[in-house]
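Engineer: This is the feature table in Swiss-Prot:
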type     : residues               : note
ACT_SITE : GLU108                 : active site, proton donor
BINDING  : ASN93, GLN94, GLU95    : substrate binding site
BINDING  : HIS106, CYS133, CYS136 : Zn(2+) binding site
DOMAIN   : 52-167                 : domain 'CMP/dCMP-type deaminase 1'
DOMAIN   : 191-296                : domain 'CMP/dCMP-type deaminase 2'
Amino acid sequence: MKNTIIKGLTDLVEQKRDNLIRQVVVQLEAQGYKAVLEQATVQQFCRQFALSPVEFALRCLPVAACYALTPISQFNVGAIAIGQSGSFYFGANQEFVAASMQQTVHAEQSAISHAWLAGEKAIAHMVVNYTPCGHCRQFMNELNSAERLKIHLPHSQNNLLHNYLPDAFGPKDLNIQNVFFDGQSHPFNYQGHDPLIRAAVEAASQSYAPYSQAFSGVALQLGELIICGRYAENAAFNPTFLPLQSALNYQRLQGLIDVKVSRVVMAEAKADLTSLPMTQSLAGAHLGLDIEYISL
């Protein structure tokens, strides 16, 4: 079966007949379909086409939407998180057959988690092809850049996040000072030699769980590669992003959807709640695998 991302990008180039889109797709192909444009590449495109970074990102939204996985809704949403570094991190919505609707990844979550795992320190702009839903507005309010974050839509640009979420409730209301995208370090010890377990423990140590202390991470084995995901809590609790979604999203945006996952390890700190049941459910439904669980 043909890679659905490659097929979507190929079809987009043929349908749009847009030189900018064609060149962006060529760039993605050259980097193995990793859905990121580094700052230097962004600057090069902006100079070539006489566009601002936000204008360029708006033109790239159909490309980002090609990374969507929407077997249920058939409604593809693309998002681009522009980091303070100037790099573009693409994201897209993802739905999982035979799993609950609550397991869905929203495009804004996708782009933000992508940037976080890539080491970005703050998000300056969110560019998305449809108005953010309430869930995503609350998710973005957890960011260390929430007060100055700008939202850009095809029909409306330069809107502060808090214009979409007035009188917002967030981490500061719960006396949390070190927020999402601020450095996280919660060292957990693992004395074994299994690199996949070690990677899951390291992901847990960098996760964001100020409300429950249920720090967790997931590591996926893809041939010789390891892909990790991190847990990220939210002041409103429900918009919390689970570590397996984070890992599957990163796998997709690294252009690795054709590489089979053979193992899933989850490492989680002991706390009053756990993400294990939902993680087990999604791993079984989407990957046909059991979770190897490490209690920290």
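Cβ coordinates are placed from backbone N, Cα and C, and glycine is handled just like the others.
A quick note: this is a predicted structure, and the numbers were derived from the prediction, not measured.
Burial and contacts for the listed features, if you can.
Structural biologist: Cβ-based neighbour count (10 Å, all protein chains) for GLU108 (active site, proton donor) stands at 26.
GLU95 (substrate binding site) is surrounded by 17 other CB atoms, counting those within 10 A of its CB over all protein chains shown. Secondary structure at GLU95 (substrate binding site), taken from DSSP and collapsed to helix, strand or coil, is coil.
Under the three-state DSSP scheme, CYS136 (Zn(2+) binding site) falls in the helix class.
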Engineer: According to DSSP, how is the domain 'CMP/dCMP-type deaminase 1' (52-167) divided among helix, strand and coil residues?
Structural biologist: 38 helix, 30 strand, 48 coil
Engineer: Please list, for the domain 'CMP/dCMP-type deaminase 2' (191-296), how many residues fall into helix, strand and coil according to DSSP.
Structural biologist: 34 helix, 26 strand, 46 coil
Engineer: Which one is closest to GLU95 (substrate binding site) in space, judged by CA to CA distance, out of the recorded positions HIS106, GLU108, CYS133, CYS136?
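Structural biologist: Given the candidates HIS106, GLU108, CYS133, CYS136, the nearest one is HIS106.
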Engineer: When you put GLU108 (active site, proton donor) at the centre and draw a 10 Å sphere around its Cα, which of the binding-site residues ASN93, GLN94, CYS136 have their Cα inside it?
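Structural biologist: Those near GLU108 (active site, proton donor) - Cα within 10 Å - are ASN93, CYS136, in sequence order.
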